[in-house]
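Copied over from TrEMBL, here are the features:
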REGION    1-55  region 'Disordered'
COMPBIAS  23-34  compositional bias 'Basic and acidic residues'
COMPBIAS  46-55  compositional bias 'Basic and acidic residues'
BINDING   C126, H141, H297, C301  Zn(2+) binding site
Amino acid sequence: MSRTETMGLTKRGMLQSGSCNRLMERSESLKRDNVMSNGGSAKVKGSLERKKSKSFKEGETFPSWLITDAPGSIAAVRREQVAAQQALRKLKIAHYGRSKSTLTNFNSSKIVPLVHPNPQPHPQRCSFITPTSDPIYVAYHDEEWGVPVHDDKTLFELLTLSGAQVGSDWTSTLRKRHDFRKAFMEFEAEAVAKLSEKEMNAISIEYKIQMSKVRGVVENATKILEIKKNFGSLEKYFWGFVNNKPIATNYKFGHKIPVKTSKSESISKDMVRRGFRYVGPTVVHSFMQAAGLTNDHLLTCYRHIPCTLLSTTP
């Protein structure tokens, strides 16, 4: 009800003056509330409109790459993490000799200077040689593993060590290599074949070698003497299986190197038929690697090419 209508009703006597005043105050209050409400909506609407970009167009869509490739997006962060992991992996492979602290610091910085204490970087070896590998095992890899052997005594020694490391590992066996040489007379097959039961027992106690393995070495020595009679030498017997030429392999990854092959299985069968002991296919393959009958150095290993070149020298 407007102010004019209220005044008219009062003059006519239809409303008392007190009621008239109350109606007028109520009307004014409603008007103020309405003005404030409309003003607030206008302000909110105005603020929303101001937040819109000038280049914004209704119904406009954006390609997904603007979201996934944007700096700070989840995809961008993930790409940085993958790149950092790949760089760390390459660093571990190429610089295995570096200290652990250097590799740990890589996580806190994206760039690691490849600084060596000497101008010559460490050579890249087969993947089973790690920074924690025992120096005696590293030296064996660098100097003997894969080198063609043609000496009968050394072949007998490597065959014995290959059988001895069953249930153990090459590092532990190499540490006892000197004891094996003393126990079995520098691997003179003729002398070893003459060992008595009492002497074998003494060797087992003194050098802490299982009695069964001591007997196996002595029996293998007697079979080697028979091989020498039939083939002229142990060297001719073993190298005859590969036509006097080492088997050339080209493995790129360590997990590709087999524990046995068809060739080691055929050699193992022949040796078992002749009465040799501890000459399973896996042991024979390990012996072939040690004696250079097969060159299983990885293509990335710095010893692969030298061992390949040595294979032509009897």
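Keep in mind that glycine also has a Cβ here, set from the backbone N, Cα and C atoms.
Please treat TrEMBL annotations as automatic predictions, because they have not gone through curation.
Location within the structure of each feature annotated in TrEMBL.
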{"residue": "C126", "record": "Zn(2+) binding site", "Cβ neighbours (10 Å)": "19"}
{"residue": "H141", "record": "Zn(2+) binding site", "Cβ neighbours (10 Å)": "19"}
{"residue": "H297", "record": "Zn(2+) binding site", "Cβ neighbours (10 Å)": "24"}
{"residue": "C301", "record": "Zn(2+) binding site", "Cβ neighbours (10 Å)": "23"}
